[in-house]
Amino acid sequence: MSASPVVGVLGLQGDTREHLAALTAAGTRAVLVRRPAELAAVDGLVLPGGESTVIDKLLRAFDLREPLVARIAEGLPVYGSCAGMILLADRLLDGTADQQTLGGLDVTVRRNAFGRQVDSFETDLEVAGVSDRGWEAPGPEDTGPVHAVFIRAPWVEEVGAGVEVLGRVGTGPAAGKVVAVRAGNLLATSFHPEITGDTRVHRLFAEVVRTA
Ligand SMILES: NC(=O)CC[C@H](N)C(=O)O
């Protein structure tokens, strides 16, 4: 793997631009992926937040579903944020009747889990491998907890053997809920680090890609 891997952002729907910027800041060559040939050319992929039911339909419409499922099975590093976490889950609760996930991550995820009261909220979290370590060229955002923004977010209800819990909500009505996980080359967060200017989660993912 070269020092500057090519990392795609699935560009069918969702907040792709912010992920491209964060991946570039993390030292990767960031590209949009909308076609099977573009998917074939990446060393890693981000599944952005958006609406998982729409992304699910578009994956099939753009003939990306099958090749993506195949690449995940081959070990492609993938980072899923929010709707992206839903897409990576092997098991989904509160999905729509015909909604499918890509799977690969041995977790049960509950969609729109935080409910109306706290549909969207922000909190500071400890994320293992992110907030508890030093980074090269640290900036002001590079120490301490991660400021996590949740937007109609899912949480992880159950993790299978081999899935590492990286972060949980610390306080409030959802305290203890699992919101960041990793299993091998697959990383998922319920929240949106791409919109805060803190690139540490993307730097962690860049490391996953470099060492894959
Ligand atoms: N910010 C998000 O990605 C929201 C996810 C959305 N609620 C879904 O079900 O896909």
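Placement of Cβ uses the backbone N, Cα and C atoms for every residue, glycine included.
TrEMBL labels come from automatic prediction, so no person has curated them.
According to TrEMBL:
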BINDING   GLY50, GLU51, SER52, ARG111, ILE151, ARG152  L-glutamine binding site
ACT_SITE  CYS82  active site, nucleophile
ACT_SITE  HIS192  active site, charge relay system
ACT_SITE  GLU194  active site, charge relay system
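Structural mapping of features recorded in TrEMBL.
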| residue | record | contacts (Cβ under 8 Å, 6+ apart) |
| --- | --- | --- |
| GLY50 | L-glutamine binding site | GLN13, GLY14, ASP15, CYS82, ALA83 |
| GLU51 | L-glutamine binding site | GLN13, GLY14, ALA83 |
| SER52 | L-glutamine binding site | ALA83, ILE86, LEU87, GLY95, GLN99, THR101, ARG111 |
| ILE151 | L-glutamine binding site | GLY49, CYS82, ASP119, SER120, HIS192 |
| ARG152 | L-glutamine binding site | CYS82, ASN112, PHE114, ASP119, SER120 |
| GLU194 | active site, charge relay system | ASP15, GLU18, HIS19, ALA21, ALA22, PRO48, SER81, HIS202 |
Worksheet entry | Cβ-Cβ neighbours of HIS192 (active site, charge relay system) (radius 10 Å) | 22
Item to complete: Please list, in sequence order, those recorded positions from SER52, CYS82, GLU194 with the Cβ less than 6 Å from ligand 1.
Response: SER52, CYS82
Worksheet item: So for CYS82 (active site, nucleophile), how many other CB atoms are inside 10 Å of its CB?
Response: 29
Worksheet item: How many other Cβ atoms sit within 10 Å of the Cβ of ARG111 (L-glutamine binding site)?
Response: 22
Practice prompt. Around the recorded L-glutamine site, report the further residues of that chain (criterion: Cβ within 8 Å of the mean position of the Cβ atoms of GLY50, GLU51, SER52, ARG111, ILE151, ARG152; site residues excluded), sequence-ordered.
Written response: GLY49, CYS82, ALA83, ILE86, ASN112, ALA153, PRO154
Worksheet entry | Where ILE151 (L-glutamine binding site) falls in three-state DSSP terms | strand
